[in-house]
Amino acid sequence: MINKEKVFEILKNVKDPEIGLPITELNMVKDIEINGEEVKVTIALTIAECPMADTLQNDVTQVLMKEKEVSSVKVELTSMTKEQLDALKESLKNRAANNAPPGKTPPGIEKLDKKGIRNIIAIVSGKGGVGKSFVTSMIATELKKQGYEVGVLDADITGPSIAKVFGMTKRPVMGENGIIPSTTKSGIKVISVNLLIDDARKATIWRGPIISNVIRQLYAEVDWGELHYLIIDLPPGTSDAPLTVYQSIPLDGIVAVTTPQDLALMIVSKSTDMAKTMNVEILGVIENMSYFKCEHCEEKLQIFGKSGVERAASILRAPVLGQIPIDPKIAELSDKGEIEEYDNEVIGEIVKRVREYSLKASEAASNEIPIAWKMNEKEEKNKLKMYGK
């Protein structure tokens, strides 16, 4: 029979979705009740109505349900008192002061400032046609569903497709602090060349130096605001565009996208080798179009050959983030600009691993004031203004 001590030990594996530290270390676990195989855990959120409450609740449930001695889990959510939150803030402040490691600096151009962005992840492939932009849109969409503030930078200057799959046509506008990015239906902030030119069907015929300057501008001159994640959709290959991103933008890591073919693996290896040369972390590998699941018998048909993702992960020395099946709905929703409506549990599992590995790669989450706290403070100030206090 499971006991409270074991439950507490298991909960050490659950990290706050934004702060990035174990909930046990943050004193968020307030009570544990056990009745046979039923476990009830009371978690104190740092603020009431936390946007990532559902994500944390699911993480706690999933980690406990893995235990054979547990048949059901109930997670009750409360919120910290002002005194408890103040103590936590002071603790995190002291931790940040003692936890500022000097990051590796890639050779070449001086890096741009990270601004208010916690995690910056580039999606790479090396080869065109593997579904890199789809993976970008899916990671961004799932993160947004989980309560994170998300942005997408379409760095594929000559072949942008992000605006199309999200169904976006509204141009970004100038604000006091720079270009204000357009937003998708769910609130993802997006910047893409296709949203800045008059005719998205016309070719963008620019040489490398111009493309490099445009990418830097799309990052530095855009008012991204406070973001948990900025996802960058890189063009295939190892030329000027990816080189500019690696040298100029403070990446926390890359996600490599491949397909079952050996050719795709060979070429994505070039992109990951480039990342290693530039001292950029490889967070993991995603195999897209891995199989087709028959809707009648649910057999997995490997249309493009046997999966090579485990071999790819071994060669690239990176973890497997997941395998995405072939699904006709993807093309249909992409063409309609409704990719945010696509739902597949595989994507949820992939994003959970992306969150896990990006937190390991970046110290930003535990060194910065959580965005949810800032938003809550802003709301409180607005209420005080409203009532003239």
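Including glycine, each Cβ sits where the backbone N, Cα and C put it.
Automatic, uncurated: that is what TrEMBL annotation is.
Note that the structure is predicted; figures quoted are calculated from it, not measured.
What TrEMBL lists as ATP binding site is GLY126, LYS127, GLY128, GLY129, VAL130, GLY131, LYS132, SER133. In the three-state DSSP assignment, the secondary structure recorded for GLY129 (ATP binding site) is coil. Here the Cβ of GLY129 (ATP binding site) has 11 other Cβ atoms within 10 Å, regardless of which shown protein chain they belong to.
Here the domain 'MIP18 family-like' (4-75) returns a mean pLDDT of 92 for the predicted model. The domain 'MIP18 family-like' annotation in TrEMBL covers 4-75.
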Per-state residue totals over the domain 'MIP18 family-like' (4-75) - DSSP helix, strand, coil: 21 helix, 21 strand, 30 coil
GLY126, GLY128, GLY131 as binding-site residues, winner by CB count within 10 A: GLY126
Under 8 Å by Cβ from LYS127 (ATP binding site), same chain, sequence gap 6 or more: PRO236, THR258, LEU263, ALA264, ILE267, VAL268
Proximal but sequence-remote residues of the same chain as SER133 (ATP binding site) (Cβ under 8 Å, at least 6 apart): ASP154, ASP156, SER161, ILE162, VAL165, ASP233
GLY126, LYS127, GLY128, GLY129, VAL130, GLY131, LYS132, SER133 excluded, remaining Cβ within 8 Å of their centroid (ATP): SER125, PRO236, VAL257, ALA264
